[in-house]
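S.K.: One structure, pasted below without further comment.
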């Protein structure tokens, strides 16, 4: 079925909204399209009185704006739950993604709620970077008439725990805003804290905002969504692993796997740019080692989410064993009165360093103690799924999903250790074995709506994964836009991931340019950011031609170095000073011409 798209000037949608609409409907049957058409007609007409040209007096009450700033989807889920709570309380509320928020309107907000996660070294999620920059710039307005609350999600195993939320909270207050509630900083197991916070927010807002008519709550507050899949983070699909192929050479220092998962007839859909969530199981050998070190048997009964399970099963399926945290080290030291660990208590930097260099099982080995099963369970954090950038397009692979997995392997005093999810996929799931998966949609990492738009892809290491999906999609669409890939890794002969595929794309004319950086093949190390500077003049020409820039990979070093190189290219070839170049790149981000998927 072919749909003729009218000229953009005649459309009430902006290009990004149009792209989302096209992506959401591209694989629907005529019957499904007819149903969707009726669905939206019903949404428009379900409350005609509330949508009349003359608003009811209650429409002039202060509305509540919730800004969701999410990296992995958790903040978005909390924000959606709060929106639903407020609608149930008949309050006038709207929910907006940080990337879609017109941040200059913040001065007119009366009641503002921010739900945000943190990425990298205390940075805001990608979709909130522009808003964060604006608030911390000289352009930020005074907010004396704004009351606000912030819920911050983070991971206490990282040094800059919940830093993004702390930033938003302090800056909103500095600009004159009034706190409705004190900020809440939630760890990985955030659900209970979020539930309690939502109830407090509803109570606080009930006393401030007049109750809206039900029709107005629906018309202005609801974000209508079509859920086409029954599978989610909490209800994953049980799929099967069909391919597990090592794609680095035998002499490579890296073990990178190409993993293919068969989705069967589940109907699970995804787009290039999305991530695959994988629920993994801990290595039974690791469980056995930990249990024996604590002089336990493994059959002791423990309670997990209201259910009684044997300790071994609980540890294998429900608790994080491969990532240590400062809190775990501190609590273990306090519980066991370890002479080695007690001196670290109270020193956050030392606790974090110890946690980063010493896995939980080795902490117990180095500082032995005897804990009962319940004490062990209470010490640990719940197991959470790992997210992998999807390396395929369903336009080519149909009912499969591919990911590129860098297997984490290292030694601690001669004992082999491995990452939980990566070693699960690489070592412990046999062919046709079960894998529990779900799709984490990422609307902040999408191909341009216009197939003629040039694309610049920067993805060293496993950061190349989404660009394989991009190229599969562009090839399937026969998109005429130019494509330029920057890729880097240590060695050409050992670490050129998907080499044959990239060479084929070049030969077929789908991949216009490819620049490669091999950091260990010569005396002087060369990285992708060096290639960006080297090709600065041509890069600037592409940007002037409307190219979209995509970056995927390590957030802590690579992404920052790449951004610095881009700023230098913009300044040099665009004839700008540092401040103007930064403003230019920020505008590209706002226009969704500069998108990052970093971790």
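Glycine is no exception: its Cβ is also placed from the backbone N, Cα and C atoms.
Swiss-Prot lists 64-202 with the feature domain 'Flavodoxin-like'. Feature annotation from Swiss-Prot assigns FMN binding site to 70-75, 117-120, 153-162; the stated evidence is sequence analysis. The domain 'FAD-binding FR-type' annotation in Swiss-Prot covers 234-448, and the record cites sequence analysis as its basis. Feature annotation from Swiss-Prot assigns FAD binding site to 322, 356, 386-389, 404-406, 410, 419-422, 599; the stated evidence is sequence analysis. The NADP(+) binding site annotation in Swiss-Prot covers 519, 520, 525, 526, 527, 528, 529, 561.
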S.K.: Taking the Cβ of each of the binding-site residues and counting other Cβ atoms inside 10 Å, which one has the highest number: 158, 161, 388, 527, 599?
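M.R.: Max Cβ neighbours within 10 Å, all protein chains included: 388.
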S.K.: In whole Å, note down how far the CA of residue 120 (FMN binding site) lies from the CA of residue 561 (NADP(+) binding site).
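M.R.: With distance taken Cα to Cα, residue 120 (FMN binding site) is 13 Å from residue 561 (NADP(+) binding site).
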S.K.: Which one is it: of the binding-site residues 421, 526, 528, which Cβ has the fewest other Cβ atoms within 10 Å in this structure?
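M.R.: Selected from the binding-site residues 421, 526, 528 on minimum Cβ neighbours within 10 Å: 526.
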S.K.: Consider the binding-site residues 404, 406, 419, 519, 529 and say which one has the Cα lying nearest the Cα of residue 158 (FMN binding site).
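M.R.: Among 404, 406, 419, 519, 529, 419.
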S.K.: With the NADP(+) site defined by the record as 519, 520, 525, 526, 527, 528, 529, 561, how many Å span the farthest pair of C-alpha atoms?
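M.R.: So the maximum pairwise Cα distance among the NADP(+) binders is 18 Å.
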S.K.: Once near-sequence residues are set aside, which residues in the chain of residue 519 (NADP(+) binding site), 6 or more away, have Cβ atoms under 8 Å from its Cβ?
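M.R.: When sequence neighbours closer than 6 are ignored, residue 519 (NADP(+) binding site) has 488, 489, 490, 525, 526, 527 within Cβ distance under 8 Å.
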S.K.: Mean pLDDT for the domain 'FAD-binding FR-type' (234-448), rounded to an integer?
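M.R.: Its mean pLDDT is 97.
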S.K.: For residue 117 (FMN binding site), list the number of other Cβ atoms lying within 10 Å of its Cβ atom.
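M.R.: Taking all protein chains shown, residue 117 (FMN binding site) has 27 Cβ neighbours within 10 Å.
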S.K.: With an 8 Å cut-off on Cβ-Cβ distance and a minimum sequence separation of at least 6, pull the same-chain contacts of residue 404 (FAD binding site), or say none.
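M.R.: 247, 256, 257, 258, 259, 388, 389, 391, 462, 464, 465, 468, 497 - these are the non-local Cβ neighbours of residue 404 (FAD binding site), listed in sequence order.
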S.K.: Using C-alpha atoms, which one of the binding-site residues 419, 520, 529 comes nearest to residue 117 (FMN binding site)?
M.R.: 419
S.K.: Non-local Cβ contacts of residue 73 (FMN binding site) (under 8 Å, 6 or more apart, same chain)?
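M.R.: Looking at Cβ-Cβ distances below 8 Å from residue 73 (FMN binding site), excluding near sequence neighbours, one finds 233, 440, 441.
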